[in-house]
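Summarising the annotation, TrEMBL assigns signal peptide to 1-22. Residues or ranges marked as domain 'Intercellular adhesion molecule N-terminal' in TrEMBL: 40-127. The transmembrane segment annotation in TrEMBL covers 232-254.
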Amino acid sequence: MESALLLPSLLLVAAYPRGGSPQQEWMQSPPAPSVTSAPFWVRLNPELEAVPPGGSAWLNCSHNCPLPVHSSLRTQLRQGKIVNGSGWVSYQLQDVRAWNSKVRCVVTCAGETREATARITAYKRPRSVILEPPVLVGHKYTLRCYVTHVFPVGFLVVSLRRGGRVIYHESLERFTGSDLANVTLTYVMRAGLNDLWQPLTCHARLNLDGLVVRSSSAPVMLTVLALSPASIALASTSIATLVGILLVVGAVYVRKYLAVQT
């Protein structure tokens, strides 16, 4: 709401006798400049602040009101120190553990109240994402991925990829908590010939309402295939057949060679 104070122009009239005959001159004073106050604004900076869980942050609330004002910070977070200056107030927020918090700075100037908002997010990128080499158990491979020191776990998605294709993923949205956590994902898979020497990787992704934080493991390779008893029997039969064919072909060539020599 803009307020304006308009000073009316003053019109001065005077009569001066000149040459025996009255003459009247109209004289107008220069118009006084209009005084219009600038729009009243409030700003809260930074508008988006990210801190590790349990950390603290400073927010600065500034305004352009030339008069004494009443300002306050409204939030569910625990407030600490307050530092004042001309046209600004800085607020400290401590022990931030909620992953997403809204903060409002409210300023009243000459009966008019305005506010500005900011958002504080608390998250921790995984310290490490580790994928163990595949472990052969029976005729299947067990993949185990470790995601350490991550927050918030409820917004974490862990996925396994073979080559560039996702073979498994799991969302941990059912988990809640306000502390750093370690996550272990276990997946059992079968592998074929096409999977040999394909890189296997583990990926951790935090989806924080538009802010996406990604981490991934170093790749591991599948170098040995696990064969079922049927596959082993088939492979043994194929090898025996191939050996028999080679022996027959070799015997034929030996006979031909001996016949030529005699």
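Cβ coordinates are placed from backbone N, Cα and C, and glycine is handled just like the others.
Averaged across the domain 'Intercellular adhesion molecule N-terminal' (40-127), the predicted model reaches a pLDDT of 92. With DSSP classes pooled into helix, strand and coil, the tally for the domain 'Intercellular adhesion molecule N-terminal' (40-127) is 0 helix, 61 strand, 27 coil.
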